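A.B. asks: This is the structure I have questions about; it appears just below.
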Amino acid sequence: MASILLRSCRGRAPARLPPPPRYTVPRGSPGDPAHLSCASTLGLRNCLNVPFGCCTPIHPVYTSSRGDHLGCWALRPECLRIVSRAPWTSTSVGFVAVGPQCLPVRGWHSSRPVRDDSVVEKSLKSLKDKNKKLEEGGPVYSPPAEVVVKKSLGQRVLDELKHYYHGFRLLWIDTKIAARMLWRILNGHSLTRRERRQFLRICADLFRLVPFLVFVVVPFMEFLLPVAVKLFPNMLPSTFETQSLKEERLKKELRVKLELAKFLQDTIEEMALKNKAAKGSATKDFSVFFQKIRETGERPSNEEIMRFSKLFEDELTLDNLTRPQLVALCKLLELQSIGTNNFLRFQLTMRLRSIKADDKLIAEEGVDSLNVKELQAACRARGMRALGVTEDRLRGQLKQWLDLHLHQEIPTSLLILSRAMYLPDTLSPADQLKSTLQTLPEIVAKEAQVKVAEVEGEQVDNKAKLEATLQEEAAIQQEHREKELQKRSEVAKDFEPERVVAAPQRPGTEPQPEMPDTVLQSETLKDTAPVLEGLKEEEITKEEIDILSDACSKLQEQKKSLTKEKEELELLKEDVQDYSEDLQEIKKELSKTGEEKYVEESKASKRLTKRVQQMIGQIDGLISQLEMDQQAGKLAPANGMPTGENVISVAELINAMKQVKHIPESKLTSLAAALDENKDGKVNIDDLVKVIELVDKEDVHISTSQVAEIVATLEKEEKVEEKEKAKEKAEKEVAEVKS
């Protein structure tokens with residue numbers, strides 16, 4: 001396993017978060033000075049207050065790790081950036097350390113691909129957790145029983161009118177947003193990750209509000225797919241250039257049907273189950289809980305904090321954090337803090353994925369199997385104190401982290417945010433989470449309120465759903481404006497050197513002749529110190545990622561490979577099977593309390609499931625037809641390349657990229673070297689496509705070294721995923737034997 005060399009701990013800048021609005025700032029929150037947690041300040045924590053913008057130099061630490069899977073802790077070589085600050089000053093509360101500091105800027109790495117759980121999976125986890133606590137006799141959150149006051153007839157009529165009013169408003173706004181996004185897709189524009197998530201939720205809402213749309217929209221879409229491909233050729237990449245018109249038609253039909261089936265399955269997983277016995281208590285409990293935290297100042301119970309903290313998932317939290325909060329988290333995790341908001345979120349997302357995978361691997365081996373240096377590396381990667389503490393303290397805080405993340409299922413983003421606030425160590429984990437939730441924006445609370453209703457199977461409040469949709473749409477529009485401003489600034493920088501403006505002269509004045517500057521030899525100062533310059537890496541832009549995608553598509557066409565389509569179809573079948581198994585497990589869990597008859601799948605979900613199963617059969621037929629035609633020789637030959645061979649040489653990849661569009665030779669060479677991880681001169685096309693799809697979802701520019709890290713990470717993720725699948729298979733076999 002690769003050893004880890006943390007060359008220096010100097011200058012790890014603690015984070016600065018903005019104070020939360022409209023409520024009192026608790027101790028340890030970003031509004032107040034934070035206590036240092038470095039080793040040299042262990043005895044000064046109660047008497048020296050230092051703001052977040054500085055830190056104390058500490059001794060370098062050299063760490064190593066054992067086992068191949070811990071290699072994801074390996075950090076890339078640092079480049080120190082000097083940030084000029086004001087000198088040390090004294091204030092009424094003590095000394096404020098504001099001086100020059102060295103900020104280590106590192107590249108990021110990621111771990112196993114974490115797919116978001118569907119609403120059904122979240123409901124299943126919630127049910128299993130409740131039943132497990134009931135069996136073990138542990139604490140289960142149970143809201144106090146309240147006397148239900150029967151509403152008057154007029155109040156019930158008014159509430160029903162409001163419900164339908166907000167429902168029709170939601171239907172109209174969802175239709176407008178869906179039509180706009182669909183038009184963008186038809187015209188060849190790609191949706192960002194945030195836009196795709198919004199589009200997915202809107203489609204799920206439309207089918208929930210009007211279940212009959214499944215009979216109208218889905219068959220209509222399938223029928224018009226060939227027409228849409230003809231009218232809007234930009235829907236698919238322009239790489240379907242084959243010698244056989246039949247092959248071109250079949251492959252286009254296969255690609256579009258596969259994407260549509262995957263989208264419909266994602267829509268099914270976004271739909272919630274219906275619980276007829278639900279009384280809307282979960283939504284009300286969450287509103288009361290958040291009101292206690294934000295307004296009244298009343299402390300919720302530990303069960304409430306742990307229960308509702310699970311709703312603030314990493315994606316939801318990171319997408320709605322402000323820029324100062326994103327910068328603070330990047331500094332805490334020693335990531336690059338300069339760049340667009342999308343780039344910062346992308347870095348944080350990849351780092352959180354890495355931490356999630358590491359947590360599972362550490363828990364499998366056991367914290368006691370790690371030595372001191374490995375413990376320091378693990379704690380430092382999670383924003384916890386790593387120096388100046390005992391070995392028992394390191395093991396204790398790492399065990400507490402694993403318990404909160406893996407057993408209590410607290411999202412990693414909340415745990416990292418609590419470390420960024422540098423709260424006192426005497427606070428309990430529940431109090432730390434409470435202080436962290438106070439700093440989250442209001443939009444996160446709206447999204448979580450809708451999520452808790454979906455997980456519990458309650459009727460979603462149309463007003464809350466409407467507010468969450470409008471806030472998310474406003475955030476998407478703000479991202480578009482930021483991208484437009486960034487493009488304009490880049491264009492302005494390109495034209496700036498060409499502008500030469502002459503200095504104006506006063507009328508009637510004669511130009512003065514230029515006099516040579518004479519400087520005495522004794523006054524000339526020479527700096528003999530060598531100039532230190534960081535290594536400049538080749539940056540890959542979004543446009544070049546698209547070029548690389550086109551090149552891969554051409555190579556796949558030349559090799560007549562359907563490996564990608566087959567793999568995606570198998571994943572789709574697994575998703576359908578997992579969804580069906582989750583429904584069966586939910587009924588099994590509910591049978592323990594006799595409530596299985598009250599929970600059922602929505603009508604739209606049932607109809608979409610049948611349609612997806614039909615489309616899977618059609619896709620299987622298309623793939624079989626293409627393979628039979630290739631074997632019979634009816635389609636074009638594979639240009640001398642063996643069919644199904646997906647490994648190409650680096651030279652082939654460079655030539656393919658040259659044919660698509662001109663890119664500098666140096667960048668092509670460095671990019672190809674980054675993709676060739678084991679340096680054998682060969683690259684797997686399918687693995688390359690996975691990397692491109694991962695980066696293409698985000699509108700960010702990355703370096704070639706970061707591309708290499710993604711390639712290595714994806715291979716590591718596959719190994720971890722295989723271990724988990726093998727473990728699940730073994731558990732199922734044991735359960736079948738017992739039954």
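Placed from the backbone N, Cα and C atoms, the Cβ positions cover glycine too.
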A.B. asks: State the residue range annotated as coiled coil by Swiss-Prot; the candidates are 228-259, 388-419, 708-739.
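C.D. replies: Going through 228-259, 388-419, 708-739 one by one, Swiss-Prot gives coiled coil for 708-739.
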A.B. asks: Among the residues LYS128, LYS132, LYS597, which does Swiss-Prot list with the feature N6-acetyllysine?
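C.D. replies: LYS597, according to Swiss-Prot.
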A.B. asks: So one of THR192, THR563, THR593 should carry the feature phosphothreonine according to Swiss-Prot; which one?
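C.D. replies: Record says THR192.
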A.B. asks: Judged by the number of other CB atoms within 10 angstroms, which among THR192, ASN678 is the least packed of the recorded positions?
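C.D. replies: With the recorded positions THR192, ASN678, fewest surrounding Cβ atoms within 10 Å: ASN678.
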A.B. asks: So which residues does the coiled coil (462-490) touch in its own chain, when a touch means Cβ under 8 Å and the partner is 6 or more beyond its ends?
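C.D. replies: Sequence-remote neighbours of the coiled coil (462-490) are 162-163, 166-167, 169-170, 173-174, 177, 192, 194-195, 198, 201-202, 205, 283, 319-320, 340-342, 443, 446-447, 449-450, 453, 699.
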A.B. asks: Report the same-chain neighbours of LYS682 (Ca(2+) binding site): residues 6+ apart in sequence with Cβ closer than 8 Å to its Cβ, ordered by sequence.
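C.D. replies: In sequence order, the residues whose Cβ lies under 8 Å from that of LYS682 (Ca(2+) binding site) (at least 6 apart) are VAL647, ILE648, SER649, VAL650, ASP676.
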A.B. asks: By the count of other Cβ atoms within 10 Å, pick out the sparsest of the binding-site residues ASP676, ASP680, ASP687.
C.D. replies: ASP680
A.B. asks: Measuring Cα to Cα, how far is ASN678 (Ca(2+) binding site) from THR192 (phosphothreonine) in Å?
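C.D. replies: Checking the Cα atoms of ASN678 (Ca(2+) binding site) and THR192 (phosphothreonine) gives a distance of 32 Å.
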A.B. asks: Given the model, what does the mean pLDDT over the coiled coil (115-136) come out as?
C.D. replies: 71
